[in-house]
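Record features (TrEMBL):
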type: BINDING; residues: G105, K106, G107, G108, V109, G110, K111, S112; note: ATP binding site
type: DOMAIN; residues: 7-76; note: domain 'MIP18 family-like'
Amino acid sequence: MTKISRAALFEALNAYTVPGTNATLTTLKAVKGIDVTEGKVTVLLQLMEAYRDRVAVIKEALEGLIRQQPGVTGVDIEIGWEKTAQVEFKNLIPGIKRCVVVGSGKGGVGKSTVTVNLAIALSQLGLKVGLLDSDIYGPSIPMMLGLKDSPLGTPDGQILPIEKFGIKIMSMGLLIEEDRPVIWRGAMLNKALQQFLKDVAWGDLDVLLIDLPPGTGDVQLTLIQNAQVDGAVIVSTPQDVAFLDAKKAIGMFGTVKVPVLGIIENMSSFICPGCGQETQIFGHGGVKAAAVRMELPFLGEVPIDLAIREGGDSGKPFVAEHPQSPQTKVFQDMADTLKGVLKL
Ligand SMILES: Nc1ncnc2c1ncn2[C@@H]1O[C@H](COP(=O)(O)OP(=O)(O)OP(=O)(O)O)[C@@H](O)[C@H]1O
């Protein structure tokens, strides 16, 4: 008798994407157990109530996947239903018309660089823009915007965001000492973040961009659950590994029902400032192709540019310093698209 491989079954099931979402069974941690008794495979799944409407399709697809494994003679799929209401959503930052989170699956892809320049491009369209840096472990926004002073408080105990380059900015980096690593964990971290969201006096804003820490962990989920997020923008480099991580972020947003408003390819290609020749250092176009495959909107490609890096390092963001350059046009076009999508 052929021995059925449980590992192969796990792999096949986990890769399955729930119809109508970008979430695989891995992202949902849905496969709770697999039992193989002779040729009969029993799978125990835990799915959210919200997916009950497509149970027949899911069962049929999974049964098909299982039957592809050699030696399978029978299949039984048992599903436990999880109430989505377990996740409580609150809005701790009222008074803001639209809230957009900017995420990436992986660090160092230029998420903060893109967020800063996009925020300034949005303000150049006449919008009132706020930028919240929620990366408590490595806040880089204060450096990118040349912010040095601690923010001021209001008489009723709130913190005033700092205004520069036409936008309002707040970062954990402005509140914690530079050489003191943050060591909050679990419940303490959750509380600190919620307090942070509540404490900033943003005033009236058309749009708040939240620069999320890289990855798909607790901080990201806490933020999403405590602000009324209208959508997410995802930044990735063209490398395959970076995009695989971006897919995890897309899955996470799918699970918490935050629509992906657009994907941005950063460090897309390098245009030599001397000869004008274009070089594809990390490849090019892969993110757009993947976005098309996943039926997600693609926002644009930002080239690798020495001046963009220098702008970040010197606290003078590129879009503010070079309003007429072609690279700025890339950010302005993305801002224009976002403005339309957000109906602002
Ligand atoms: N398009 C670009 N051209 C040139 N340099 C870039 C570009 N985008 C980002 N960089 C540089 O890459 C480095 C990483 O960028 P950044 O800090 O924005 O990434 P990140 O994804 O926010 O990282 P982390 O998530 O770890 O905070 C910085 O030195 C930045 O100046």
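Using N, Cα and C of the backbone, Cβ positions are placed for all residues, glycine too.
Predicted automatically and left uncurated, TrEMBL annotations should be read as such.
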Those binding-site residues in G105, K106, G110, K111 whose CB falls under 6 A of ligand 1, listed in sequence order: G110, K111
K111 (ATP binding site) CB neighbourhood, other CB atoms within 10 A: 26
DSSP helix/strand/coil residue counts for the domain 'MIP18 family-like' (7-76): 27 helix, 21 strand, 22 coil
Listed in sequence order, residues with CB under 8 A of G107 (ATP binding site) and six or more positions away: G138, P214, G215
